[in-house]
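S.K.: Structure in structure tokens, see below.
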Amino acid sequence: MAQFEEVSQKSAVHPKPVGLVLQYGTAGFRTNSKQLDHVMFRMGLLATLRSKKTKATIGVMVTASHNPEEDNGVKLVDPMGEMVTPAWEGYATQLANAEQEELLTALKDVIEREAISMAQEASVFVGKDTRPSSDSLSQAVLDGVHALGGHSKDYGLVTTPQLHYMVCCQNTQGRYGEATVKGYYRKLSQAFIQLTKNVPNRTDDQKALLVDGANGIGALKVCEMETYLKNELQLSLFNDGSSGKLNHMCGADYVKVQQRAPKGVEMTAGERCCSYDGDADRIVYYYSGSAGRFHLLDGDKIATLISTYLKELLTQAGLDLQIAVVQTAYANGSSTQYLEDTMKVIVRCTKTGVKHLHHAAQEFDIGVYFEANGHGTVLFSKAAEEKIQKLAQDSNTNDERRRAALLLQNTVNLINQTVGDAISDMLLIEAVLAIRGMTVQQWDAIYTDLPNRQLKVKVADRRVIDTTDAERRTVSPAGLQEAIDSRVKKYRQARSFVRPSGTEDVVRVYAEADTQESADALAHEVSLAVYRLAGGVGEEPKPL
């Protein structure tokens, strides 16, 4: 077949290093950019096959998110803007690892297994971040698409959530919005302006926000968007990519892990600040207290702010819709307690990983999910959206109910439901704080985080650890859960769990308690139990 001849010819231009093995994980492929040329070409091929199979547009995003600048990566986006299915993650790994002479066999295997009609048209949207390697790597993706006769649209520099959004817009025939970057800016900015226009006496201080762009794509895109916001939000941008290195001493991951402000951000007491990550799909907020102490508002605090705001609006609108917050075992115990006991919101716990959270959130009328690292969004069921819209348009409804419904309608339009989106989440948080007349300190004071500690224990084989109950309890090795339980009982408000790493032979330990000293002691004791019962290697864990 002539089609496969072109694949052979172009594949020779993007050869695979012999023996290199890579795995398609939650975030797609990620490694040093020098090892990715052949992978990109092959993901162009796979996206074309996926498009033929689904008879829809598929996205390919070239990014390595919060990884260092010399790395890169790629992930596929399915028709509704969601992540690709597990079976196709498997195909991605097979194609990426096939040696040069085995590529056509591997490709034909996917075509046969999925019964793909090669006569079917294919459409692939491609986007990239600002890494130096992204230009040539995105070109390799396009080569792969064209080698199988697919149509492509190259969006160039976009955030990861923007590409997810474009794919969803395209496959809903514009019902979700216009599949352009300008369409994205217009939809979000109009919703933000509608939400904040009736807020009384908003001062310039309340409109001011410091933004750390992680020297990445988010900095470029939020600059483009600012004109659409018509001074309703006044952004001071740091780490805009003009001089600093991507993710180096800046960005959401740095701030969350180091518990300190990024390089270059000068904070005065009480000023609101936020940080994006490298591809702008995560956000965290923070501020400096009066004594100069650093205060972080992570994904748990964001989920709490948004879910309580939505619950209040549902009550005011008189809408009987079920709202839930989806968390992982890493969510701070104080947030779970506040949501369940004070706000009477359903809390669902899932395994770690965005796809598990997203899937669980789809089971409710309104599902709010955020990982502690700041990646998250809100999902509305079709029925919930229709009820909100109907009430907002009903002129016979009393003023309070209709006002609440209109706020809900604009909130739906402000949220990027396809994936976590730093820009969309930032606008939502800013709108909620404005509508509720809250300062960042008042938001932070909703509940106080329990002190916690995370540690890693090196083991010979991480597969000896098997967990249940959304990773909160271990079922093997024998005796480990009992050992954890007995140590947890020694401390107040304590909780601890262990889980195997998804990428390396280490076991991750999480512990929380009423004081930092207790959390540290518990984490160390549990680490020792893991070391002794799960085949620890190297030195025994030392007290902190």
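Just so you know, glycine gets a Cβ as well, placed from its N, Cα and C.
The feature domain 'Alpha-D-phosphohexomutase alpha/beta/alpha' is assigned by TrEMBL to 52-89, 106-167. Here TrEMBL flags Ser65, Asp277, Asp279, Asp281 as Mg(2+) binding site. Annotated active site, phosphoserine intermediate per TrEMBL: Ser65, in sequence order. The annotation domain 'Phosphoacetylglucosamine mutase AMG1' is assigned in TrEMBL to 179-284, 298-436. Residues or ranges marked as substrate binding site in TrEMBL: Glu371, Ala372, Asn373, Arg499, Pro500, Ser501, Gly502, Thr503, Arg508. Per TrEMBL, domain 'Alpha-D-phosphohexomutase C-terminal' is recorded for 475-527.
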S.K.: Taking Cα atoms as reference points, rank the binding-site residues Glu371, Asn373, Pro500, Arg508 by distance from Asp279 (Mg(2+) binding site) and give the first.
M.R.: Asn373
S.K.: Taking only the residues in the domain 'Alpha-D-phosphohexomutase alpha/beta/alpha' (52-89), give me the average pLDDT of this model.
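M.R.: Mean pLDDT across the domain 'Alpha-D-phosphohexomutase alpha/beta/alpha' (52-89) comes out at 95.
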S.K.: Sort out for me which one of Ser65, Asn373 has the most neighbouring CB atoms within 10 A, since those are the binding-site residues we care about.
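M.R.: Selected residue: Ser65.
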S.K.: Given the binding-site residues Ser65, Asp277, Asp281, state which is nearest to Gly502 (substrate binding site) when distance is taken between Cα atoms.
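M.R.: Smallest Cα separation from Gly502 (substrate binding site) among Ser65, Asp277, Asp281: Ser65.
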S.K.: Which entry in the list of binding-site residues, Asp279, Asp281, Glu371, has its Cβ near the fewest other Cβ atoms, using 10 Å as the limit?
M.R.: Glu371
S.K.: With an 8 Å cut-off on Cβ-Cβ distance and a minimum sequence separation of at least 6, pull the same-chain contacts of Arg508 (substrate binding site), or say none.
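M.R.: Non-local contacts for Arg508 (substrate binding site): Gln454, Leu455, Lys456, Val498, Arg499, Pro500, Ser501.
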S.K.: Name, in the order they occur in the sequence, the residues of the same chain whose CB lies under 8 A from the CB of Asp277 (Mg(2+) binding site) and which sit 6 or more residues away.
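M.R.: Result: Ser65, His66, Ala214, Gly216, Gly218, Asn247, Gly251, Ala252, Asp253, Ile283, Gly374, Ala422.
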S.K.: List the Cα distance (Å, whole number) between Asp281 (Mg(2+) binding site) and Asn373 (substrate binding site).
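M.R.: Checking the Cα atoms of Asp281 (Mg(2+) binding site) and Asn373 (substrate binding site) gives a distance of 10 Å.
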S.K.: Mind checking which residues reach the domain 'Alpha-D-phosphohexomutase alpha/beta/alpha' (52-89)? Cβ under 8 Å, same chain, six or more beyond either end.
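M.R.: Those are 24, 26-33, 36, 39-40, 43-44, 46, 114, 116-118, 120-129, 131-134, 137-138, 141, 160, 163-168, 170-172, 214, 217, 245-248, 251-253, 277-279, 281-282, 354-355, 358, 417-419, in sequence order.
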S.K.: Around the Mg(2+) site formed by Ser65, Asp277, Asp279, Asp281, list the extra residues of the same chain whose Cβ is within 8 Å of the site's Cβ centroid.
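M.R.: The answer, listed by sequence position, is Thr63, His66, Thr159, Thr160, Gly216, Gly218, Tyr276, Gly278, Ala280, Arg282, His375, Ala422.
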S.K.: Counting Cβ neighbours within 10 Å across all chains shown, tell me which of the binding-site residues Pro500, Gly502 comes out on top.
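M.R.: Within the set of binding-site residues, the most crowded position is Pro500.
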S.K.: Per DSSP, what is the helix/strand/coil residue tally across the domain 'Alpha-D-phosphohexomutase alpha/beta/alpha' (52-89)?
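M.R.: Split by secondary structure, the domain 'Alpha-D-phosphohexomutase alpha/beta/alpha' (52-89) comes out as 7 helix, 14 strand, 17 coil.
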S.K.: Which residue counts does DSSP give the domain 'Phosphoacetylglucosamine mutase AMG1' (298-436) for helix, strand and coil?
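M.R.: Across the domain 'Phosphoacetylglucosamine mutase AMG1' (298-436), DSSP assigns the residues as follows: 79 helix, 21 strand, 39 coil.
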S.K.: Take the domain 'Alpha-D-phosphohexomutase C-terminal' (475-527) and count its residues per DSSP category (helix H/G/I, strand E/B, coil), listing them in that order.
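M.R.: Secondary-structure composition of the domain 'Alpha-D-phosphohexomutase C-terminal' (475-527): 21 helix, 15 strand, 17 coil.
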